[in-house]
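Okay, structure first, notes after.
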Amino acid sequence: MAGVKVLMHSLRCFLSRVGPFSKPGLFPWCATKSPAWSQLFLGSACKGNFTHVVAKKHQRGQQKSQKKPRHCGPLDGSWQERLADVVTPLWRLSYEEQLKPVIDGYRNKSTFSVNRGPDGNPKTVGYYLGTWRDRNIVCVQSNHLKNIPEKHNQVAQYYEIFLRQSPMEPCLLFHEGGHWRELIVRTNSQGHTMAIITFHPQELRQEELCVQKETVKEFFTKGPGAVCDLTSLYFQESTMTRCSHQQSPYQLLFGEPHIFEDLLGLKIRISPDAFFQINTAGAEMLYRTVGELSGVNSDTILLDICCGTGVIGLSLAQYTSQVLGIELVEQAVEDARWTAAFNGITNCEFHTGRAEKILPQLLKSKEDGQFIVAVVNPARAGLHYQVVQAIRNCRAIRTLVFVSCKPHGETTRNIIELCCPSNSAKKLLGEPFVLRQAVPVDLFPHTPHCELVLLFTR
């Protein structure tokens with residue numbers, strides 16, 4: 001316990017020297033002027049606690065847009081304003097106050113829900129207001145939101161038209177029946193559009209499922225939805241809130257199986273199940289920041305953990321001797337391998353599976369004399385404890401770059417485990433890391449969220 005207190009004190013002292021960020025309240029200090037992206041490494045004095053990072057940011061945003069009471073009717077402002085307050089809570093702030101790095105419409109992926117709208121129609125496609133706990137959920141169309149691209153809204157609106165023509169009911173709660181569920185729209189900088197429809201099969205026979213698939217395909221190819229000009233349309237039968245491709249395959253109803261994006265001089269392939277940052281321009285800034293902090297060179301091995309489609313490792317492959325990527329989603333690994341081959345990159349290998357299972361064995365195969373730079377980019381749940389153990393106990397890893405989309409909660413636990421004194425009881429035997437630098441990158445304009453890049457060395 002004493003060691004943890006010392007570590008948290010060290011974190012506070014470190015963060016008191018980290019520079020200002022481009023969103024109000026993300027860190028507990030006030031920036032006197034807007035820093036350019038190249039100035040994000042500069043420091044200024046501050047006070048506060050690392051664990052209060054996001055709470056402070058939320059608080060500042062809420063001061064500008066007062067929190068709305070939980071109710072089902074538009075008692076304070078229009079439905080459009082209330083939805084904007086939920087989905088993009090900083091929308092009332094001026095451009096300068098947000099210090100937004102990219103133009104409106106930055107998003108390349110949107111997930112739309114199906115539920116009852118303000119007019120009571122259960123076949124409304126949009127975003128949720130209210131909570132399941134308070135039983136006041138309504139679904140509001142998003143065509144007025146600044147950060148949702150016009151193409152995404154167009155597909156959502158035509159999906160709603162399709163649902164209202166369909167005899168099949170939407171699936172609001174699994175146990176209450178119904179079928180039509182989420183719509184995911186992905187786009188790229190070339191204007192190509194992939195749509196993914198999630199459908200709960202309930203007790204339908206295969207022949208009945210085929211009829212529904214053919215009906216929605218007909219709507220978007222020859223019916224009113226053809227104006228959306230989809231590049232591809234996928235259909236997934238899902239009995240859970242989220243299903244991977246392995247659990248329930250994405251079925252291509254028509255079009256191309258992938259979309260492609262140009263990023264950092266590479267042509268990247270993207271499958272429906274693969275993770276790819278929703279802000280392409282912001283992702284380039286994020287990955288450049290990771291590259292600068294990593295300090296890789298021709299004598300190092302780059303270990304890319306939770307690598308997704310492999311963009312970080314692939315973009316740095318020319319500067320390092322070898323790239324080793326680990327990713328749970330099989331489709332994403334297939335995308336990474338295709339991208340490497342297409343772009344003529346030969347010093348990368350990608351492994352499919354859970355990092356906590358693959359990483360320890362992978363590190364054992366490397367010679368002690370090889371210098372390894374590790375980059376981790378986990379989901380919000382953070383790193384598995386065994387991954388932290390493996391990194392901590394590998395003497396060859398002297399530099400670690402940690403990318404976090406949720407810089408509190410589990411990420412704080414990961415930081416404590418990486419930086420605390422050696423502890424044989426917890427099997428943390430290696431030399432502790434020291435947090436050297438923190439660089440926030442704003443990938444989510446109008447919202448309180450950001451990506452945080454942390455540099456550790458030892």
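Here the Cβ of each residue, glycine as well, is placed from N, Cα and C on the backbone.
Just so you know, TrEMBL annotations never went through curation; they're auto-generated.
Sequence annotations record features per position, and here TrEMBL assigns S-adenosyl-L-methionine binding site to GLN277, GLU327, ASN377. Cβ neighbour count for GLU327 (S-adenosyl-L-methionine binding site) (all protein chains, 10 Å cutoff from its Cβ): 28.
Summarising the annotation, TrEMBL assigns domain 'Methyltransferase' to 298-366. With helix defined as DSSP H, G or I and strand as E or B, the domain 'Methyltransferase' (298-366) counts 32 helix, 17 strand, 20 coil.
Residues or ranges marked as active site, nucleophile in TrEMBL: CYS405. The Cβ of CYS405 (active site, nucleophile) lies under 8 Å from the Cβ of ALA379, ARG380, HIS449, GLU451, LEU452, each on the same chain and at least six residues away in sequence.
The predicted model assigns the domain 'Methyltransferase' (298-366) a mean pLDDT of 93.
Annotation for ASN377 (S-adenosyl-L-methionine binding site): same-chain Cβ neighbours under 8 Å, separated by at least 6 residues, are ASP304, ILE305, CYS306, CYS307, GLY308, ILE312, VAL403. Surrounding the centroid of the Cβ atoms of GLN277, GLU327, ASN377, where the record places S-adenosyl-L-methionine, the chain contributes additional residues within 8 Å, namely PHE275, PHE276, CYS306, CYS307, GLY308, THR309, VAL311, ILE312, ALA332, VAL403.
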